Each structure stands twice: as structure tokens, then as C-alpha cells.
Amino acid sequence: MHKLIIHGGTPLKGSINISGAKNAVLPIMAASILTDKLHITNVPKLTDVSTMKDLLRSHGADIEIIEHQDEFELIIDTKNINNFTADYEIVRKMRASIWVLGPLLTKYGKAKVSLPGGCAIGARQVDLHIAVLKAMGAEIEIEDGYINASSKGRLKGTHFVFDKVSVGATINAILAAVLAEGETVLFNCGREPEIVDLCNCLITMGADIAGIGTSEITIKGKDSLNKASYKVLSDRIEAGTYMFAAAITKGDVKICRIDYHIVKNIALKLIETGIKVVPINNGVQVTYEGKLNSVDLETNPYPGFATDLQAQFMSLMTLSSGVSMITENIFENRFMHVPELCRMGADIVVRGNKAVVRGVEMLKGAEVMASDLRASVSLILAGLSTSSKTVLHRIYHLDRGFQDLEKKLSNCGADIKRV
């Protein structure tokens with residue numbers, strides 16, 4: 001099994017190009033079921049993308065892959081979909097597999113999807129996915145670990161209030177509603193840029209969607225959608241991770257190919273800590289200027305601070321000048337990186353959904369183990385900050401969400417190798 005060996009202590013200097021957003025491309029790939037052909041560009045080279053390709057192919061899709069140096073193009077032909085079951089062997093690898101449920105059900109009137117897998121960071125129940133589809137007229141039962149869904153005729157437009165903000169359920173509801181009969185109004189929706197990107201792709205395909213980027217989305221169902229071509233937006237989580245990498249290594253890095261407005265809340269949080277962050281053409285520049293203040297943080301649905309960056313921010317705060325409180329409001333069990341950071345000398349105490357981080361002068365290299373995707377990259381950041389050797393095990397998590405991570409960091413001076 002592969003591992004990463006990191007010899008830290010070198011400030012990162014240079015530029016990093018951001019890849020396409022994993023959390024946007026996966027639902028867009030699922031949306032291909034709604035039409036006959038979808039051409040997607042700026043697709044990141046990630047194992048989660050490969051898993052979604054395998055899933056779509058298992059349903060009968062034909063996928064042409066055009067490989068470029070930094071990205072894929074995908075041409076997905078779904079006119080011959082003939083299998084409506086998403087099997088456990090594929091779905092267990094990735095929670096995003098649940099997003100084929102809405103498209104299969106709304107276009108073909110039936111779907112059988114295994115309960116999903118992915119990172120072990122909490123329950124992430126599918127209750128809201130099921131509730132909104134039932135509100136559209138679907139008949140759904142959970143049997144033997146599968147969601148069995150069917151509808152008599154087309155799904156029907158509905159008014160539905162999510163009792164809590166759910167990115168995943170918002171996506172499934174939108175994917176189902178675009179081909180439902182009549183108007184669907186969704187309240188308390190997720191507002192994430194990746195949801196906006198999905199909606200923009202669906203509009204390119206001929207969907208009628210209003211309220212994009214707000215908590216109230218109105219969808220007028222169509223009889224069918226068109227072939228389309230769409231470029232996926234860049235990954236704000238990857239961008240934020242490298243912004244924190246620049247800060248924790250006391251470096252100076254230009255983060256390129258990212259719109260500043262979708263990382264603005266990350267930039268503002270870094271500025272609070274004393275890091276210099278300025279917008280540049282098609283990106284942002286992050287520069288350490290000699291201090292790192294302790295800052296409290298709460299994760300919240302967008303436009304709040306993303307839970308997917310909480311672990312990376314915690315790594316940064318382990319070296320701050322005071323005490324910070326980090327509150328995780330999205331997922332339970334998302335402090336699994338804390339024991340590993342403490343092995344490296346961090347002073348962190350977890351109390352429920354809060355972590356108290358007391359800054360230390362320096363971290364020390366150690367052998368550590370990744371528990372999930374975001375935890376793994378937080379340990380890399382910690383390793384980059386030390387003047388000694390860190391060995392990270394179970395790095396297969398990284399390849400689910402970060403393209404060419406070692407290469408991008410090495411190009412900025414990091415000593416990081418996969419063995």
C-alpha cells in the first residue's frame with residue numbers, strides 16, 4: 001500500500017493551477033442520464049470520477065474519454081440506458097452514487113440504488129433524498145440495503161421544505177424535478193457554488209430553473225432535455241487547501257484558475273489570522289507576513305465556512321499564537337484527524353462538536369494515518385510545516401479528491417514523495 005513521505009520546513013513559493021471541482025462534476029455526470037449526450041470539460045483526474053464513470057457504464061452509458069495533460073473531457077452517451085440498479089460494489093466506494101437515484105427515477109420511472117458509502121465521517125442519512133422524491137409521487141422502500149424507487153407515470157411537481165440544509169438532497173431533488181410534470185418549489189436549499197454549477201449545466205441542457213444560488217429554487221419540469229456541452233467550475237476546496245498550505249509553510253503562493261468570489265470566505269478567514277491574501281487575475285495570492293493569530297471557526301452551509309476545509313484550518317491553528325475554538329456544525333465524527341495531529345505535537349481537546357486548539361511553537365514529524373479525504377490532507381499540511389520527516393499512511397483517500405497533489409506541492413518547493 002502506498003504512503004507519502006514528507007520532509008517539511010520549506011516555505012512554498014510559486015503557483016498552483018486548480019483543477020475542476022469534484023463536487024460539481026459528479027452530479028453533472030449523473031445529470032447525463034437526463035439527456036442523450038453530454039460533453040463535459042475541465043473534468044479532474046480523480047478516483048471518484050472513475051467510480052462515477054463505472055457506475056454510469058453499469059447502467060448502459062457509453063463514455064468517451066479525451067485525456068489532456070491537466071484534465072479529462074468526457075462525452076457521455078446515455079441513450080441506451082438499460083439497467084436501473086446501482087449495485088453495492090460500485091456505490092459503496094462513493095456517496096455521490098446516490099445522485100443517479102433522481103435522474104433514473106424521473107426519466108425511467110424506476111431506480112434501485114444501494115445505500116451509499118464514502119468517507120467515514122458520520123451518518124449522512126438519505127432521509128431527505130427519500131422524503132423529497134416521495135413528495136413528487138415516488139413510491140420508495142428500503143430493502144436489503146437498497147433504495148427501491150418507482151413512480152406511476154411522471155413524477156409530479158411539488159412544494160417541499162428541507163428541514164435542514166442538505167447539499168446532496170438538494171441536488172437529487174433538482175435532478176428529479178427538471179423532468180417532473182409541473183412546477184417544483186424547493187425551500188431551504190443548499191446554495192453552494194457546485195449546486196449553482198449543476199443548475200447552469202441543466203439550463204444549458206434546456207431545463208427551466210429559477211432562484212439559482214438562493215435558498216428557494218423553482219423548477220418547471222420539461223418533457224425532455226437537450227444534448228449539451230459544459231465546462232465544470234474550479235474546485236474551491238482544493239484552492240482553499242493550497243491557500244492554507246501557503247500559510248502554514250510561511251510561503252508565498254499564487255492560486256490560479258479560481259474565481260475569487262467563491263473562495264472569498266476562505267480568504268477573509270485567512271486575513272483574520274494575519275495572512276496576506278489578495279485577488280489576482282484569475283486567482284488569489286497568499287503570503288505569510290510574520291504572524292499567525294488564533295481565530296475561532298464554525299462550519300456552516302454556504303456561504304458559511306465549508307466543513308471540507310475544517311481539518312485544514314485546524315492544522316493551521318495548531319501553530320497559531322493563542323487559543324482557537326473550532327465548531328463543526330455539519331457532520332458528527334469529523335474530528336478523526338485530531339489524534340494524528342496530537343501525535344505530531346498539537347495541543348487539541350475535543351468536546352462534542354467543538355475542538356479547542358492551543359497553538360504550539362512547532363509540530364514534529366511522525367508516522368500518521370489518514371481516516372478520510374480531508375483529514376489526510378490536513379496531515380500533509382502539518383507535515384509540510386515541520387522540519388522533520390512525516391510518513392502518511394492510507395493515502396488512497398487523497399486520490400478521491402486531489403489531482404496531482406504531490407506534483408503541485410513539489411513544484412512549489414515541497415519535498416513530498418509517494419512510495
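Every residue, even glycine, has its Cβ placed from backbone N, Cα and C.
As recorded in Swiss-Prot, the features of this protein are as follows:
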- K22, N23: phosphoenolpyruvate binding site (BINDING)
- R95, K164, V165, S166, V167, D308, I330: UDP-N-acetyl-alpha-D-glucosamine binding site (BINDING)
- C119: 2-(S-cysteinyl)pyruvic acid O-phosphothioketal (MOD_RES)
- C119: active site, proton donor (ACT_SITE)
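Here the features listed in Swiss-Prot are painted onto the structure.
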residue: K22; record: phosphoenolpyruvate binding site; contacts (Cβ under 8 Å, 6+ apart): P44, L46, D48, V49, D235, I237, R400, G401
residue: N23; record: phosphoenolpyruvate binding site; contacts (Cβ under 8 Å, 6+ apart): V167, E192, E194, D235, I237
residue: K164; record: UDP-N-acetyl-alpha-D-glucosamine binding site; contacts (Cβ under 8 Å, 6+ apart): L128, N188
residue: V165; record: UDP-N-acetyl-alpha-D-glucosamine binding site; contacts (Cβ under 8 Å, 6+ apart): N188, C189, G190, S215, P301
residue: S166; record: UDP-N-acetyl-alpha-D-glucosamine binding site; contacts (Cβ under 8 Å, 6+ apart): L128, H129, G190
residue: D308; record: UDP-N-acetyl-alpha-D-glucosamine binding site; contacts (Cβ under 8 Å, 6+ apart): I237, R374
residue: I330; record: UDP-N-acetyl-alpha-D-glucosamine binding site; contacts (Cβ under 8 Å, 6+ apart): T299, N300, P301, T307
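Counting every protein chain shown, 18 other Cβ atoms lie within 10 Å of the Cβ of V167 (UDP-N-acetyl-alpha-D-glucosamine binding site). A simple way to gauge crowding: the CB of R95 (UDP-N-acetyl-alpha-D-glucosamine binding site) has 19 other CB atoms within 10 angstroms, across all the protein chains here.
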